[in-house]
Amino acid sequence: MRKVYIFDTTLRDGEQTPGVSLTVEEKVEIAKQLAKLNVDVIEAGFPIASEGEFKAVKKIATEVEDPTIAALARAVEKDIDRAGEALRNAEKNRIHTFIATSPIHMKYKLRKEPEEVKKLAVKAVEHATKYTEDVEFSAEDATRSDWDFLVEVYEAVIDAGATVINVPDTVGYATPEEFYELVRYLRRNISNIKGVQISVHCHDDLGLAVANSLSAIRAGADQVEVTVNGIGERAGNAALEEVIVALDVRRDFYKVKTDVNLKEIARTSKLVSHLTGIEVPPNKAIVGGNAFAHESGIHQDGVLKERTTYEIIDPKKLGFSGSKIVLGKHSGRHAFRKKLEELGYSLTEEHLERAFKKFKDIADRKRWITDTDIEAIIQEELTKSNGKLKVEIIHVTSGKVSTATVRISMNGEERIEVAWFKNGPIDALFSAINKALGEEFKLREYRVSSVTSGKDSLGEVLVRVEVNGEIFVGRGLSTDIIEASA
């Protein structure tokens, strides 16, 4: 089966993400993790950019083994010299040089004619071969370049010693169909392509970076350039984890393989997110917090019976602990019962039904239902009295004068009372309940605690009252402490 080479540019293009600036030690730490991930090439940086960048590339070249260590350089001799110096200690090194080839770049940025651009490209590759036998050449903005001119340039740099020719979709302009045709055209029309790798480098401006990369692989690309979590300039680059997992899961379709250690994907994603400060969106494919989470009752029931009903990837294969059953307002009894079993509870059907009803009521008001929330619901259910007194409706307003309206059923008989006090909504509520019951009770203790954190957290209220010399204790649980108090 044909192998696709993975060229990781997290430390170069990925670090160009606005707001990201990694220290030398942080870059080395990421590079070592990329080596554990077993990528083929690590683009460590752009040595001419700064002294810190040079030191980072040099340190990675010295300390990181196994992958080829690459450094970027413009088609300028001083850039290439700096890259060659930084890579001197690498076990395997590569100089990656580039120049723009699109009409708009040649006219407005370079202010050079196509023939002059081609000569500069050849000169750069020839100079790079003085430092290494492994030279990659990129035709910047290839997808907006003339295809025949691309063929001319690539043939010339291959003759000059390039071992890899890269086809960048620099501004994320291509569509999968166009990019497939371009790569196939280059494969068929570059006369000296034999023995030379075709690489692709896709940006995500139209959200097509991964799709374009996969299309290029189908068209015969040998190498794909990616970043962890898809970070990078503007909208980012093709996401390493998405490309690799797609090739693995759909090997039947793409008919290629990589040497990447899938077990390290989760750890690599978390490390890059932590060190760059770029949080992974919850709905991000493969590595997002919700990628293997299920809230829908139908989906939860299916996954609990057979994981593959709603999961095409085993999260454990990627280094995650497993699937997540997220309890929320869409969850069903099967998932709720399963969660109780995980927490060590075994309820009767009657208790389960009441607890599930309480759970659904809370889930309608609370975004996230945590294990602590579930335990609080169960504790309330297990300690609840089966008395004949029930608070049906509560309405409380607060201001200079607080008022409370309650509807209480006792032995099937409804009683409604209204009270208002200046001392606040809780005082008004207790007075209304007092009047509705026709009993004079004294409040001996009132305590509110938060079960979980957050603005929609569950509040647990403990009330201790004295009636005719007897002490009664009640507990309430709700996202509304007024309701919990009743």
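Cβ from N, Cα, C; glycine included.
The following features are taken from Swiss-Prot:
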type	residues	note
BINDING	Asp13, His201, His203, Asn237	Mn(2+) binding site
DOMAIN	4-266	domain 'Pyruvate carboxyltransferase'
REGION	390-486	region 'Regulatory domain'
Three-state secondary structure of Asp13 (Mn(2+) binding site) from DSSP?
coil
Cβ-centroid neighbourhood (8 Å) of the Mn(2+) site, Asp13, His201, His203, Asn237 excluded
Thr9, Pro168, Asp169, Thr170, Cys202, Asp204, Ala209, Glu225, Val226, Thr227, Gly232, Glu233, Gly236, Ala238
Measure from the Cβ of His201 (Mn(2+) binding site) and count the other Cβ atoms within 10 Å, all protein chains considered.
29
Report the mean pLDDT of the predicted model across the region 'Regulatory domain' (390-486), rounded to a whole number.
68
Could you tell me which three-state DSSP class Asn237 (Mn(2+) binding site) falls into?
strand
Within 10 Å of each Cβ, count the other Cβ atoms, then let me know which of the binding-site residues Asp13, Asn237 comes out lowest.
Asp13
Relative to the Cβ of His203 (Mn(2+) binding site), which residues of the same chain, six or more apart in sequence, are found under 8 Å away?
Pro168, Asp169, Thr170, Val171, Gly172, Ala209, Gly232, Glu233, Arg234, Ala235, Gly236, Asn237, Ala238
